[in-house]
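Asker: My structure is below; once you've seen it, I'll send some questions.
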Amino acid sequence: MHFLAAAFLLLTLSASALAEPVHFRDCGSGVGVIKEVNVNPCPTQPCQLHKGQSYSVNVTFTSNTQSKGSKAVVHGIVMGVPIPFPIPDPDGCKSGINCPIQKDQTYSYLNKLPVKAEYPSIKLVVEWKLQDDNDQCLFCWQIPVQIES
């Protein structure tokens, strides 16, 4: 089991190394600083997300606080309305971050963004937050996307 987890992590790291950084809008990283956001594959923006596919997300950030844990909260914003966008594992400590999170340390957060087949073909904004134990944002970023068949 540990071998599979290590192989998955290595594959994710390899894929993210090939990814181009995306232009993002910081939406309130109150207790952290985003260094870089990568979504793979996303060669152009807005990112073209295809139904039934999964996209790797890698966020490099520096924490300005300590926290025992972290949780991701993802929304799709359609016409100004945030709609929950479930991800497989919202626990940041299982997404490449060694917890507890230390102040002034830089981390690489790794996760997947699954695009379900039943999602409508639509333009929207993905908002991705990673919150500390006090629900303050270690990072918050937004990017425009287009969901396609």
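Keep in mind that glycine also has a Cβ here, set from the backbone N, Cα and C atoms.
Under the heading disulfide bond, Swiss-Prot lists CYS27-CYS140, CYS42-CYS47, CYS93-CYS99. Taken from Swiss-Prot, the feature N-linked glycosylation site applies to ASN58, supported by sequence analysis. Marked as N6-acetyllysine by Swiss-Prot on the basis of similarity to another entry: LYS116. Annotated signal peptide per Swiss-Prot: 1-19, in sequence order, evidence recorded as experimental evidence.
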Asker: By CA distance, which of the recorded positions (CYS27, CYS47, LYS116, CYS140) lies nearest to CYS93 (disulfide bond)?
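Answerer: When the Cα distances are compared, CYS140 comes out closest.
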Asker: Distance check, please: Cα of CYS42 (disulfide bond) against Cα of CYS99 (disulfide bond), rounded to an integer number of angstrom.
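Answerer: Cα of CYS42 (disulfide bond) to Cα of CYS99 (disulfide bond) measures 29 Å after rounding.
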Asker: Where does CYS27 (disulfide bond) sit in the DSSP three-state scheme?
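Answerer: Reduced to three states, the DSSP call for CYS27 (disulfide bond) is coil.
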Asker: Could you state the whole-number distance in Å separating the C-alpha atoms of CYS99 (disulfide bond) and ASN58 (N-linked glycosylation site)?
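Answerer: It is 17 Å, counting Cα to Cα.
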Asker: Looking at Cβ-Cβ distances, which residues of the chain lie under 8 angstroms from LYS116 (N6-acetyllysine) while being 6 or more apart from it?
Answerer: LYS51, GLY52
Asker: Please report how many Å separate the Cα atom of CYS27 (disulfide bond) from that of ASN58 (N-linked glycosylation site), as a whole number.
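Answerer: Checking the Cα atoms of CYS27 (disulfide bond) and ASN58 (N-linked glycosylation site) gives a distance of 17 Å.
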Asker: Quick check for the class: what is the C-alpha distance, in angstrom and rounded, between CYS47 (disulfide bond) and CYS140 (disulfide bond)?
Answerer: 18
Asker: Measure from the Cβ of CYS93 (disulfide bond) and count the other Cβ atoms within 10 Å, all protein chains considered.
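Answerer: I count 16 other Cβ atoms within 10 Å of it.
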Asker: Counting every protein chain present, what is the number of Cβ atoms, excluding its own, within 10 Å of the Cβ of CYS47 (disulfide bond)?
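Answerer: There are 19 of them.
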